[in-house]
């Protein structure tokens, strides 16, 4: 079946099922192209909760579909590739986090949304890469436990005077971006601005003109008068950056910035998922309710 035929059948089935297709910013180009909404993990989950659709086809990785299930329990959440996981989310387990909490009694746990539902359920509050600084500053305590991303935690710590207990997790894709690669590109393209994600390591962030979330990157590149940007995050972001800014040039900071899990989902997978209405991701209520409380506490913090 040709791609155009697959896309047509996907759209037909979405209509028949009262479905909506959500795609993360790191998905393959052709998946982002047919999505009803593209965005970051939390933004998509909020859209899932707001939509009138009864079926959510979530093109992303497992923890994202879980978040959609947490915020939209009355909807059917499909994850076309159940094997699309997140190594960073898997780096922290419930027993390990409970042990860390026991070593630091009374210290609140701030959990990055790139985490499993089970971890969110034993956390005090969640954060995104965009609002992490604001979330941490909102807490009255002088100490926090930050999981699972050490790089995001270190980035946030620069803007607060709190004591951090980091989990030693990281994103393997962002970790592959090394300072040498950035320095070479900055020398080759001296007029280019380098922007990177806070999941990058601190040595890379130190070279950046701007550090921000994926949503922040779209805004920054659209508003900034510069014509050339070096991009320090997963390659999938280039699709929308180029589409929204056809007169600007975007250079991926390293060919290693490709997440294999984000690239698993194909158009064929989406079609098969809609045909069979599987695989369904459903978070059990005993996990969903406390996990939703951690997300709700974050969502209650006023946005800028």
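Glycine is treated like the rest: Cβ placed from N, Cα and C.
Annotation comment: Swiss-Prot describes 24, 41, 112, 113, 114, 129, 197, 198, 199, 214 as iminosuccinate binding site, evidence class sequence analysis. Close to residue 199 (iminosuccinate binding site) in the fold, though at least 6 residues off in sequence, lie 88, 129, 149, 151, 152, 170, 171, 174, 233, each with a CB less than 8 Å from its CB.
Taken from Swiss-Prot, the feature [4Fe-4S] cluster binding site applies to 86, 171, 259, supported by sequence analysis. Every protein chain shown contributes to the tally, and the Cβ of residue 171 ([4Fe-4S] cluster binding site) ends up with 25 other Cβ atoms within 10 Å.
Using the Cβ center of 86, 171, 259 for [4Fe-4S] cluster, the list of other same-chain residues with Cβ within 8 Å runs, in sequence order, 61, 87, 88, 89, 114, 172, 173, 174, 234, 261, 262. Other C-beta atoms found within 10 angstroms of the C-beta of residue 114 (iminosuccinate binding site) number 26, with every protein chain shown included.
In the three-state DSSP assignment, the secondary structure recorded for residue 171 ([4Fe-4S] cluster binding site) is coil. Counting Cβ atoms from all protein chains shown, residue 86 ([4Fe-4S] cluster binding site) has 22 others lying within 10 Å of its own Cβ. When each of the binding-site residues 24, 112, 197, 259 is scored by how many other Cβ atoms sit within 10 Å of its Cβ, 259 comes out lowest. Between residue 197 (iminosuccinate binding site) and residue 259 ([4Fe-4S] cluster binding site), the C-alpha separation comes to 14 Å.
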